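Visitor: Input: one structure, supplied below.
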């Protein structure tokens, strides 16, 4: 078989590129479903912190994505899409899985240990800013004056959130290390977004993300068995001693924050378009702030609130003022 052979001989590739009509015909149903996505994604920071009361960060990542990958696999099997990808794309899926799952969430959860849910939600809201910067660097988007202004405004917001208004003492803030990891985290996801362009041109977003989850999880599996510098206690060693709350947090993250949120997000893009769907992502940091205050008594100071406003304003301006030179696969996502 050639490199172009699909790993499924009985089906046409067109069946796997997302052209099936949605089962929901009325737009208001889609809007209603999309309102649930910021709730799940915004509360994912709190759920992760609850899970890490018992789990090491890497072990929580492994358990979350083992569960999510099993659910994704079940959906693919039921939809008869379980093995329909090009052989030549398998290395690409593993590379994307490494960025989007293996490295992204390990950095994410490690950073969460050293900062608040509020800071995390606001910093992760800057992913589109870094995505725009990467597209500018690779000359796939024209840089407008307003785009530059939006980027500067967002970075000023990040500085306010991290420093809490005390710029001279920024490196001594107790959340500085965690905030720095989350900035790196946002950069990793932005890079993944840019690199995922090729597979998203061939496969539907949901199918692509399903395989990216599965490949990223496969890369994580050895860490579940063998102790490493990233987790001296393995997932198998921790499982017998964890609490019900941590288990439920893992299931919540896997089912609702991964599988469900991806499915509804791309349903929204299909039914009402990417621009209207993107509006809902602006509520993610708001939900993260509310959840952090309610569950962990996070402090929302005036400085952090102003920083958040600057971040959201900067992201909005940048998204409104980007003119593609070439098609660049930037999706307005704040996924956790």
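Placement of Cβ uses the backbone N, Cα and C atoms for every residue, glycine included.
Quick paste of what TrEMBL says about this protein:
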- 31-162: domain 'EamA' (DOMAIN)
- 177-319: domain 'EamA' (DOMAIN)
- 28-48: transmembrane segment (TRANSMEM)
- 60-78: transmembrane segment (TRANSMEM)
- 90-108: transmembrane segment (TRANSMEM)
- 120-137: transmembrane segment (TRANSMEM)
- 149-170: transmembrane segment (TRANSMEM)
- 176-194: transmembrane segment (TRANSMEM)
- 206-225: transmembrane segment (TRANSMEM)
- 245-267: transmembrane segment (TRANSMEM)
- 279-296: transmembrane segment (TRANSMEM)
- 302-319: transmembrane segment (TRANSMEM)
Visitor: Same chain only, please: residues at least 6 beyond the ends of the transmembrane segment (302-319) with a C-beta under 8 Å from a C-beta of the stretch. Say none if there are none.
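Guide: Cβ under 8 Å, 6 or more out: 118-119, 122-123, 125-126, 128-129, 132, 146-147, 149-161, 164-165, 278, 282, 285, 289, 332.
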Visitor: Is the count of Cβ pairs under 8 Å between the transmembrane segment (206-225) and the transmembrane segment (90-108), pairs 6 or more apart in sequence, 3 or more?
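Guide: By the criterion, they touch.
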Visitor: Please determine whether the transmembrane segment (120-137) and the transmembrane segment (90-108) are in contact (criterion: at least three Cβ-Cβ distances under 8 Å, sequence separation 6 or more).
Guide: no
Visitor: Under 8 angstroms for C-beta pairs, at least 3 of them, ignoring pairs fewer than 6 apart in sequence. Is the transmembrane segment (90-108) in contact with the transmembrane segment (176-194) by that rule?
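Guide: Yes; at least 3 Cβ pairs under 8 Å.
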Visitor: Per the 3+ Cβ pairs under 8 Å rule, pairs at least 6 apart in sequence, do the transmembrane segment (279-296) and the transmembrane segment (28-48) touch?
Guide: yes
Visitor: If we call contact 3 or more Cβ pairs under 8 Å (sequence gap 6 or more), are the transmembrane segment (149-170) and the transmembrane segment (176-194) touching?
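Guide: They do touch: at least three Cβ pairs between the two stretches lie under 8 Å.
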Visitor: Under a Cβ pair cut-off of under 8 Å, which of the recorded stretches 28-48, 60-78, 176-194 contacts the transmembrane segment (245-267) most often?
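Guide: When the Cβ pairs under 8 Å are tallied, 60-78 comes out ahead.
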Visitor: Take the transmembrane segment (176-194) and find every residue of the same chain, 6 or more past its ends, with a Cβ under 8 Å from one of its Cβ atoms.
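Guide: Distant Cβ neighbours of the transmembrane segment (176-194) are 96, 99-100, 103-104, 107-108, 110-115, 119-120, 123-124, 126-131, 133-135, 138, 158, 161-162, 170, 328-331, 333, 335.
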Visitor: Taking DSSP states H, G and I as helix and E and B as strand, how many residues of the domain 'EamA' (31-162) are helix, strand and coil?
Guide: 106 helix, 3 strand, 23 coil
